[in-house]
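Novice: Annotations for this protein, taken from TrEMBL, read as follows:
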- 62-285: domain 'Anoctamin dimerisation' (DOMAIN)
- 288-871: domain 'Anoctamin transmembrane' (DOMAIN)
- 299-326: transmembrane segment (TRANSMEM)
- 377-397: transmembrane segment (TRANSMEM)
- 460-487: transmembrane segment (TRANSMEM)
- 507-528: transmembrane segment (TRANSMEM)
- 555-573: transmembrane segment (TRANSMEM)
- 671-694: transmembrane segment (TRANSMEM)
- 722-746: transmembrane segment (TRANSMEM)
- 826-847: transmembrane segment (TRANSMEM)
Amino acid sequence: MQMMTRDVLLEMELEEDDDDDGDIVLENLEQTIVSGFGSLESQQDFRTPEFEEFNGKPDSLFFSDGQRRIDFVLVYEDESRKETNKKGSNEKQRRKRRAYESNLICDGLQLEATRSLLDDKLVFVKVHAPWEVLCTYAEIMHIKLPLKPNDLKTRSSAFDNFNWFTKVLQVDESIIKPEQEFFTAPFEKNRMNDFYIQDRDTFFNPATRSRIVYFILSRIKYQVRDNVKKFGINKLVSSGIYKAAFPLHDCSFSSPSEDLSCPNERYLLYREWAHPRSIYKKQPLDLIRKYYGEKIGIYFAWLGYYTQMLLLAAVVGVACFLYGYFNQNNCTWSKEVCDPDIGGKIIMCPQCDKLCPFWKLNITCESSKKLCLFDSFGTLVFAVFMGVWVTLFLEFWKRRQAELEYEWDTVELQQEEQARPEYEARCTHVVINEITQEEERIPFTTWGKCIRITLCASAVFFWILLIIASVIGIIVYRLSVFIVFSAKLPKNLNGTDPIQKYLTPQMATSITASLISFIIIMILNTIYEKVAIMITNFELPRTQTDYENSLTMKMFLFQFVNYYSSCFYIAFFKGKFVGYPGDPVYWLGKYRNEECDPGGCLLELTTQLIIIMGGKAIWNNIQEVLLPWVMNLIGRCRTVSGAEKKTPRWEQDYHLQPMGKLGLFYEYLEMIIQFGFVTLFVASFPLAPLLALVNNILEIRVDAWKLTTQYRRMVPEKAQDIGAWQPIMQGIAILAVVTNAMIIAFTSDMIPRLVYYWSFSIPPYGDHPHYTMEGYINNTLSYFNVADFKSKSKENPYTELGDYTACRYRDFRYPPGHPQEYKHNIYYWHVIAAKLAFIIVMEHIIYSVKFFISYAIPDVSKSTKSKIRREKYLTQKLLHENHLKDMTKNMGVIAERMIAVVDNNLRPKSD
């Protein structure tokens, strides 16, 4: 029978030469997974799961015998009942699945199959891991398990004196009971007596059981072909042999289980975490970690902490905005723009060739009023504050993260992380380890690794160039459509037309370009996500953490350019290189460069931020809420005929949406992009932290609702920290100081106003007897002689647009007739010097404060360090004492035997 099994696999190999779903060598897998349960080749025949009927208990989490717990569920479609003509293909899938399930049984897992009540083509294979299997793989995976209850004192909070207030925000401990703390150590079968095993059924909690079973499922082979083996549940699902694979939720989210032994953790999470009525409460992080694993727990811990810190930033931002709002009436330069006797009499030069008319300054009255809200002294204060805030947030998060590492027992997690099965399978090259001087296998040589890195870097660089090309396309659109909007501007120049009043050519161009930019951003995001995953798969990182970190860096680099490039263009390039009306600068030799409003480009940058931040938040919520809800609704409608039946838990969970291994990655990416908007460009929009705060409060509950109600339960995963997102945030924090300083210096008009107030409003440059902002607008607009337009063309293109001899433009240049006409004047050089000095001073002050805070606040608090050392000491002491007890006991047994032998030898023999 053993030869028969081999012949079946060989027959599969001959028939499936055209199958290309991923051939991978698996020569070293057996060296990694040491199991005492045998393999398929050593068995006499295929082993198949037993078919059992549903026992009528919809809340049951056990096999039909009511004893063995369901640790995982596999779902497939019975090929014999498929309505298809591809009999050969169906037979191949069936034989692969039989080989895989037989290997699972040979590896010690227990399987039980049940046919669907709603669709008789579906079969649910329930997987149970017995005690021996759990112990074997817990040791292989270096899983930490309880030794004894932790008797150390719990962490005291700085808010203990405000229990009357914080109690309202806390989750009721009578509903969600605090978890008992334990000293833990990596599990070893030969030291099983050292561990705190009161009940074998509960020693491994459901999350740990699912982790172990998934580890096995990911490494069991199902096909052999010339030493090339295909393996793992992920490939079987992706190739359609299985429809799904998932651990079970423990109950319904809307009601507790009828089984009195069920902890109803899903129901508790929905009630105390995901339900809208709990929006003001703190998150039950320990229960989230217990049910979904540390990886999801650390995400919600970080998101919650980020949201708490945003509260302070939002309060200060609103205060700065209100400062600008209440001082709006004192905005002298805006009054001058709106004054019919000042702004109404200033004729501005056309902003494009031939089609653009002359225009009066006062048509920008409304935009100048709005600009007063954001371009004020409060914005400067807020930019400095945010430079310090982001440092405080990162440093205090490190401390909080260290506390979670201790509380969740992930301090030494890196020692227990296993290599990805995809990496293990490709380890075909043998090298000598420099440290151990022993042979080990790696997936490719040094030269092969260099080639892969070069190809991956080239692909990423190509996509970044593609984004830059799209940004250039948006710029060309801006330049082209501005001419159209300017040509449509009414020629009467009375400044009272509603279109002129609220929709200037600059504003219309900015809004439409921002919307088009947002659409392009979302399209490129969708495409690049798939490309980045393909590149990272080709790169072949060793562990899941390495894989996610590599993908994180690629995706963020792309998203950084994709989301922020248009903002950088408006902030630092638009209106900076335009020349003057007689000698304009042309983009690509054809399009005349854009100019800013007389008040600068700050308002346009604010508009861009609002559209992208708001549009992104709306789009993400549509994707996160409506999409899974609609998909589940469609699934329920398809099975409405059997809705009256009581369906088992595994069938209810199957009709939920799969989360996907990168589901959490996109949640992080969404928040980090938001973090960039809040910090990098906050000088242009002080209300950004408030919008982020509102979004995050909803985001936490939306994500919680989505996880508990719309998605299948994810395989719990360990995580020590937030991974590569931490250095990314630190890089953003450093860059934010520079961008905000440059926004205030070069995008806003704050520095020119200060220079005018302190130097050019009084003699020798000004005519006013005291410091004032009066006359600022007239001082910042240069004169141009309309007759000088002829110098660049054979005839004046503006002769039909009005009988004007001079017009004004935004720049600091000498007037016509001056010995240095149209050259930069002394005001310009004073402003440039002030801007550079401001950037240097602001950067040095904020960086000094940042580095001082980073030095003064340690990453791990003293109390946490002490607890970690104390627990490590007590754990080692406990293990050592137990080891000594075992040795003493064994020595005592040996001594008794020796005494008995000696006594028998010395005792006189009877005749």
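Heads up, the Cβ atoms here are built off N, Cα and C, so glycines get one too.
What TrEMBL says about a protein is an automatic prediction, not a curated fact.
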Novice: For the transmembrane segment (460-487) and the transmembrane segment (555-573), does the number of C-beta pairs under 8 Å, pairs 6 or more apart in sequence, reach 3 or more?
Specialist: yes
Novice: Between the stretches 299-326, 377-397, 507-528, 555-573, 671-694, which wins on the count of C-beta pairs under 8 angstroms to the transmembrane segment (826-847)?
Specialist: 377-397
Novice: Look over the recorded stretches 377-397, 507-528, 555-573, 722-746 and say which has the most C-beta pairs under 8 A to the transmembrane segment (671-694).
Specialist: 722-746
Novice: Where else in the chain does the transmembrane segment (299-326) make close Cβ contacts, counting only residues six or more beyond its ends and a cut-off under 8 Å?
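Specialist: Here the qualifying positions are 282-283, 285, 288, 372-379, 381-382, 385-386, 389, 392-393, 396-397, 400-401, 404, 664, 667-668, 671, 675, 678, 682, 686-690, 692-693, 696-697, 699-700, 703-704, 722.
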Novice: Are there residues at least six beyond either end of the transmembrane segment (722-746) with Cβ under 8 Å to its Cβ atoms? List them, or say none.
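Specialist: Tertiary neighbours of the transmembrane segment (722-746) are 298-299, 302, 379-380, 383, 386-387, 390-391, 394, 398, 401, 545, 548-549, 552-553, 556, 571-572, 576, 602, 605, 668, 672, 675-676, 679-684, 835-836, 838-839, 842-843, 846-847, 850.
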Novice: By a Cβ-Cβ criterion of under 8 Å, what residues six or more beyond either terminus of the transmembrane segment (555-573) are in contact with it?
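Specialist: Long-range Cβ neighbours of the transmembrane segment (555-573): 460, 463-464, 467-468, 471, 474-475, 513-514, 517, 521, 524-525, 528-529, 532, 601, 604-605, 608-609, 612, 616, 665, 669, 672-673, 676-677, 680-681, 684, 728, 739, 742-743, 746-747.
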